[in-house]
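Residues or ranges marked as N-acetylmethionine in Swiss-Prot (evidence: similarity to another entry): Met1. Among the features that Swiss-Prot reports, phosphothreonine is placed at Thr3, Thr183, Thr340, Thr367, Thr387, with the record citing similarity to another entry. Summarising the annotation, Swiss-Prot assigns ATP binding site to Leu36, Gly37, Glu38, Gly39, Ser40, Tyr41, Gly42, Ser43, Val44, Lys59 and lists sequence analysis as the type of evidence. Here Swiss-Prot flags Asp149 as active site, proton acceptor, drawing on sequence analysis. Annotation comment: Swiss-Prot describes 290-310 as coiled coil. Residues or ranges marked as compositional bias 'Basic and acidic residues' by Swiss-Prot: 303-312. Feature annotation from Swiss-Prot assigns compositional bias 'Acidic residues' to 313-326.
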Amino acid sequence: METVQLRNPPRRQLKKLDEDSLTKQPEEVFDVLEKLGEGSYGSVYKAIHKETGQIVAIKQVPVESDLQEIIKEISIMQQCDSPHVVKYYGSYFKNTDLWIVMEYCGAGSVSDIIRLRNKTLTEDEIATILQSTLKGLEYLHFMRKIHRDIKAGNILLNTEGHAKLADFGVAGQLTDTMAKRNTVIGTPFWMAPEVIQEIGYNCVADIWSLGITAIEMAEGKPPYADIHPMRAIFMIPTNPPPTFRKPELWSDNFTDFVKQCLVKSPEQRATATQLLQHPFVKSAKGVSILRDLINEAMDVKLKRQESQQREVDQDDEENSEEDEMDSGTMVRAVGDEMGTVRVASTMTDGASTMIEHDDTLPSQLGTMVINTEDEEEEGTMKRRDETMQPAKPSFLEYFEQKEKENQINSFGKSVPGPLKNSSDWKIPQDGDYEFLKSWTVEDLQKRLLALDPMMEQEIEEIRQKYQSKRQPILDAIEAKKRRQQNF
């Protein structure tokens, strides 16, 4: 009798999480494998979908984050269905976190690849990446959506070399009644002039950012990266469009492509559809030319992981020996920091979306986050630490801080007079109370009497602010439980 060998049926590809999966606990549906890094609003993990065996990325967002912005990001991803845009599969509420399940891009971002290899890209590589990126932008712009944060760190590659747009934390929707948006948002060095000037902008603002990204891929960093971002903010609208530092290194086609992107007048700037017909893009080679650089970057990453794991194992060995030598009858309790087996993350602290993201730029260049420049990477590249903060360009924070300082200084120099209202007196934030020595006892007593009502007023304002943030979260959780709202 002939033996028939049964083959396991092929697992289907995950397209979207079904209703049954969404009603389960996420741990029943996924196995979380490792942390990838920190993205806009939350931590990102690599996980496997148990039913299909497909690798996914899960962004875990604390509900105390700006829920409205998170829901907007989910909404935009949910509406998109393009091979050039990172896919959204579904989301869960788990304790105090929102789990957002997205497509996993194993090669990371273009900026990761540049940093890991410590090399910029060739024209052929740039053309291939730009072609896919333009197809993604053409799709978004057709849907009347503006990405608003195009840069190498938000262009992800899968292991086959296909580029996909990611991180829609700052994306915007254009409606029929809103021809242009006026919100200042984005990453300073990549911002279009009209965005900085707040004169209204539309989809072609992304094209300017793409031109800056092309220079970033070619030179390792965008124009003005070596100067303070505050100065760059004023230079971008007033100076001529930026160009390559060494134009002679690049072909006429590539130079012209960048020139078409970096037209200061939005009305005269090329669209994504037009740029797809540009000779530089039309001559782009297939994604296979990206495989070598992807493999090289992944090899570097793997070696770093192995090195980190060896260091962890060595630390644990040393800690274990110290514990054994401590006492003949009692072993020292291992605390939170000593002897703990730390999982060697595949990426360092500065990851964005679902990829490692140590940008090449200094200081506060955050889009959805506020960045710091505490540590330096190899060469000219610096690490960017991302924390979950609402979207606010750093140059706006600079102005706000200056305004606060001016208020404090003017108060310290003012002559004390009758206190008309408790709100007239603001406590200096820098703790400098030297000016009080020049006040009379009567003035000091008036200020002292004003403290109690001022404190009650501040407490009430804080309570109202807390309630305004808390209620939408409670409403969203309740809606999720009733399954009336599926992200």
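Just so you know, glycine gets a Cβ as well, placed from its N, Cα and C.
These figures come from a predicted structure and were not determined experimentally.
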Three-state composition of the compositional bias 'Basic and acidic residues' (303-312), taking helix and strand from DSSP: 10 helix, 0 strand, 0 coil
Least surrounded among the recorded positions, given as Leu36, Glu38, Gly42, Val44, Asp149, when other CB atoms within 10 Å are counted: Gly42
Val44 (ATP binding site) to Asp149 (active site, proton acceptor) - Cα separation in whole Å: 19
Predicted model, mean pLDDT over the coiled coil (290-310): 90
Spatial separation of Glu38 (ATP binding site) from Asp149 (active site, proton acceptor) - C-alpha basis, Å: 17
